[in-house]
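Everything below concerns the one structure shown next.
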Amino acid sequence: MNGLEQFGQDPWWIIAIKVLLVFVVCVVLTLFNIWWERKVVARMQHRIGPNRHGPFGLLQSLADGVKLALKEDLTPQKADKIVFVTAPILACVPAFVTFSVIPFGPEVDFFGERTPLQLTDMPVAVLFVMAIASIGIYGIVLGGWASGSTYSLLGGLRSSAQMISYEVSMGLALVTVFLMAGSLSTSEIVAAQHDWWFGALLLPSFLIYCIAMVGETNRAPFDLPEAEGELVGGFHTEYSSLKFALFFLAEYINMATVSALATTLFLGGWRAPLGIGTLWAGANEGYWPVLWFFLKMFFFIWIFIWLRGTLPRLRYDQFMALGWKILLPASLAWIVVVAIIKMAAIQGDFSPSWILFGFGLVVTAVVVLGFLNRMPEKAPQVTKPTGGYPTPALPQGGAVRGAAQPLVFGPDAVQPGSSGVRIISSPEDELSEDALPEEAK
Amino acid sequence: MSFVILATIMVIAALGLLFARKPVHAALSLAVVMVCLAMVYATLEAPFLFAVQIVVYTGAILMLFLFVIMLVGVDTSDTLKETIAGQKVLAGVLGVGLGAILIAGVGQASIATMRGLSSANEGGNVQRLADLLFSRYVIAFEATSALLITAAIGAMVLAHRERIDPKQTQTGLAQKRVADYAASGKHLGPLPPPGTFARHNSNDTPALLPDGSQSKKSVPAILAGGVSNGSNDVEGDDA
């Protein structure tokens, strides 16, 4: 293992296999993530989720993908044809390209050749990811513009504003990682996390990155570019068939990319999770690191899904205020702190690790406690039914807990009276919505 | 070899920038030129400049261009009408002059293989750049950043406007709606959307109320034939 020297030495067929593997991993990850997201969100909403195609419904996304590809491909009359076709490609290709600098593992024996489990690396690999991601934004913005529809245009504008704003905080969160690792290359950053994961050492940066990566990928609760309540589908309102599938693919690959980047930069990359590496020396050799890498990556993807299943969408001005007024100054201040501590450690010849860890922990605790304290305490609101509107019956015995019951079909399945909508039909309840204004007049 | 490919694409894109009728197409051609320029940097072993070129120029500056151009609208295209008298002649003269200078300048240069790249990149491209920026060129670097910050503050000052009335919050608006309801009986919530519980979802199909009557409020006044939104619900009237 000697830095960047180990890259660019592979014979052509190994590079070809690696390229193919990166492509296959991206596509399979997308299929899996869609299934997983639907399954987890279904559990959170007391449903079962896809369970028809393949074991546990695993082939559901494949079936959906085929269906999507066979749908009619519509091009609106007012669309700008060339840009309309280019946009989904422009969104999709960068998503694949960014995966080329993600290290999946250390140097391994790969069909008889010693080669790192990473397509390539460069002195500016992390900056490269940011650069390629910023090209991916073009796909979304141009797709929104070229559709010739107001909803799409507004969605495209929102997404460009959002991604530019959150890329700034994201980049600044990465600066502290560069400061500590002394390099911008992904493999060297993983090597620098031999003793301390940067997620622990630079806790505030880690949290800022985690927030920014949700904003960067247009995922809930920051999915304003496709807010269906306001913009129908946002930038992809007018897209159908394979073009829409490409946007969909790009979104899920981007989710995987930022998760993989977070793993690489903050959770030690392919290194075995805490303790395993010291107990079992073989954990960081051979193909085992691939397992650790994907476990950590799926942890982040699970957080994405959890957020989507839990949080409502932010209002646009609140979202922008969070990015520019909180995350940006916070990351700038934290960079100054890290630079001072690191410089003092170099001058005073001591290890900055524990000081940084403690400082980061204190700062995070203060911020989180301050945030919790700001929450106003509200008494639970009790409202009496006013009548006149159909009020849904609450589930008997309070809120439903635990997993959903499996679906049962057949004559015994229906239990009357256990659920359903109750419609009040007594005469005094039959108030039209204008009854009150009339009284007031 | 890579230069020949990149240069061809760049020249075509640059011509597209000149001749495209729609401003967005021109901006896109510019983006292609910028990305190709970044790739030229990459082939010249300047990886940092490669990444920064894309992040800053393609990702940020050109995106802001697009932002403005897109708001102009899809259908607008350049007009060939002269807005300044003698513009075309002047542009032609200056263009020929610039071309002459460029040809003279490039013709003087001797084109050979690159020299000194390995010594310039010794110890890593990023590290050497940082060394230069923060030692030899530190004053130029700081002056540039001061200039850029001044420009940003200037833009903010120009766009700044003192707030005259207090900022409306979500709570304040909700309280105002309730107060209006108490005072005049103005409907609190949003109007029922057209087609709720109805058999059609077109905009002129009124929503059904819980008692089965139709809500005229749910149909936009202009579709309902100029009937104002305040009218009562009429049973059986399909607008």
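Every residue, even glycine, has its Cβ placed from backbone N, Cα and C.
What TrEMBL says about a protein is an automatic prediction, not a curated fact.
As annotated by TrEMBL, transmembrane segment applies to A:12-36, A:82-104, A:124-145, A:166-184, A:196-215, A:244-267, A:287-307, A:319-341, A:353-372. Taken from TrEMBL, the feature region 'Disordered' covers A:409-441. Annotated compositional bias 'Acidic residues' per TrEMBL: A:427-441, in sequence order.
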Does the structure show the transmembrane segment (A:319-341) and the transmembrane segment (A:82-104) touching, where I'm treating 3 or more Cβ pairs under 8 angstroms (sequence separation 6 or more) as a contact?
no
Contact yes or no, the transmembrane segment (A:12-36) and the transmembrane segment (A:244-267), 3+ Cβ pairs under 8 Å, gap 6+:
yes
Against the transmembrane segment (A:82-104), which of these stretches has the most C-beta pairs under 8 Å: A:244-267, A:287-307, A:353-372?
A:244-267
